[in-house]
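Some notes on the structure that comes next.
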């Protein structure tokens, strides 16, 4: 038996609005995308956070972006095991099957996952240290980032922002531990990009690998 | 050293366009969302596929949907281990920290991940059976679904559609193996919903738990 | 013997700038587009005028728009003859081979071709009436539009704007005389769109077929 | 009655983005261009292909390039008749009214029109030989080029590249059959230039009339 309820009315209504307008306007294109398959140029790894509107920010047309969203836009390091790795599977599919040209790691301000990692590491959130905490174990990926910023000057807010930046940098580092990513980057098939988006101000910063800092786009 | 390149110009231009228009029109709301935190009503688990526009379909406003996207919109079964579980972490965060009211599993037609699972199970895609295949190991989650549909009548296309439906049903089943999901559903805090979206026709089908079938919205 | 000169230095320098920056940023995508072929969603028919920047206005990425540009964005009526028809060939290729979903006729203010047509029809530009005038014979396509606006109230400037609108409407009408366009429109494969762009103000007006008028986008 | 639909939303959004940013930054210049008219230095004749970004390659500013785009960047020979000649009209306007200084014929690799001509001439594409094929009749312009390369050594790919070069040379030859072009070239008012752009590698080759070959810019 499945615990499944009818779709709430507000979602039904919005869907019908979309169907009558946007779908109607684009239906021949959607039909072609269905028949011929997707050919996205770019993969985006972003946070699940409801305030991050990946498709709006980049004015996306259907078919353009292959999007994986998880807590804090993290990529775990490469590891072959029998364990299931949803993020690694998404990256493998995008790079080896779809052969995307750009892979963007998109972090953001006020990230609840990053804050959880910070508080776990400083002892403020002991529940996240428990073996049974999925969020805690997921945020372990970011621990190497915490170690790099914990001695930073500044208050907690400044350190949280630094750790948000680290969520992007750790992911960029871990991406290069995947043999198929490394090969695609080195052969020029794939470019990696690191972005941090400030929700309140709408600004966007891009990681500059030469200057080793994030700079305003 | 990080392998990070500047953002391609067409994305910079589109971002700047968004910033000057949509952001500008909504900035007081975005500023409140940044200051007061997100309070999404709904979590959506959908596929990474570039043709699935979750936010468009439901006319999403910023702050409304907590969105996790992975290959084939799958939820693995509950399992406590030291392993990292990105999907389980996202669900835990949405249900226990954000206390969402609705959790929608949104599948779709022409799903490359579902097709991979089908071909892996029928022996047509031996590379997905290898231990080192992240996509293969991820699609193992859907094997119980394959076993239920493999004896179905009809051609491969009909079975693929049936398996896409199963990707939603398996996820709904697995969701209920998480103690915090089960508790939230039983207490009435949370409703689960299963949807299947046909990309070409734009139609949407919702799982009806009483009739045990998907019906057009 | 060909009369061909080396490329002027200012163009060489700009090309080298593009090659070192934009090409470099996008090269894996361009390489895929070269290998796999184009799959543009949209055809645009616009004027050759140097002030109409089709790709900028729509933030185009390479591979998105199939663009035909001629004087005054005109489409001649369907006519089978041994004569060469560059515009008809471009439309045939876009609709039947590339199967574009959208066809946009993009007119603009201050159009020299439209003004030439106006002055030819009012007798102010007798040289355009000569059989040997390519511009004159080309602008004959717009004569049915002139006949509809010549009795309009208002000064010459108002009539020129009306005739610019007609350059779009005549083209939309003529498009439907092509059997393959008509069929694609009626089957829902193709949508036609009429736009008028004001160069000085940057505004864009879209033809509303229900209201029978151009309205601001 | 016109078959015209509203502009698809993604194009509306991109346009609004352009208006609020690039237009806003340049509006005094655009306003002057609107008031005083265009004064382009260069005419470019290029292909409609969505992968040829004329304005990007030459870092075009608004008002600089008068651009005609047709299938395979062809110029028909001079011919006075009652027939409509869109390409001849564009050239006449650029040379006699705008008095451009440079006229660039820009061909490119992987040209679908050129391939069509090749296959029509070798009997592989009989549909293009029909009188009713606009693409076929348009590509007839290139037949003299085919005759020069059909005996070349090398495989089909090598011959296609040679025919792409011919699409530029035939156009340069035909340009000189227009009395007003010949006169402008001979008086030194106008220079002609032939370029071939390789989409995948981004390289650009310029025709060297002395060496009678294309050389890398």
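Positions of Cβ are set from backbone N, Cα and C atoms, glycine also.
Among the features that TrEMBL reports, Zn(2+) binding site is placed at D:47, D:49, D:108, D:111. For residue D:111 (Zn(2+) binding site), the same-chain residues 6+ apart in sequence whose C-beta sits under 8 angstroms from its C-beta are D:47, D:49, D:72, D:164, D:167.
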D:47, D:49, D:108, D:111: the binding-site residues whose Cβ falls under 8 Å from a chain C Cβ: D:49
Three-state secondary structure, residue D:49 (Zn(2+) binding site) (per DSSP): coil
Other same-chain residues whose Cβ falls within 8 Å of the Cβ centroid of D:47, D:49, D:108, D:111, the recorded Zn(2+) site, in sequence order: D:46, D:48, D:51, D:52, D:72, D:73, D:107, D:109, D:110, D:112, D:113, D:114, D:164, D:199
In three-state DSSP terms, the structure that residue D:111 (Zn(2+) binding site) belongs to: coil
Residues from D:47, D:49, D:108, D:111 facing chain A - binding-site residues, CB under 8 A: none
D:49, D:108 as binding-site residues, winner by CB count within 10 A: D:49
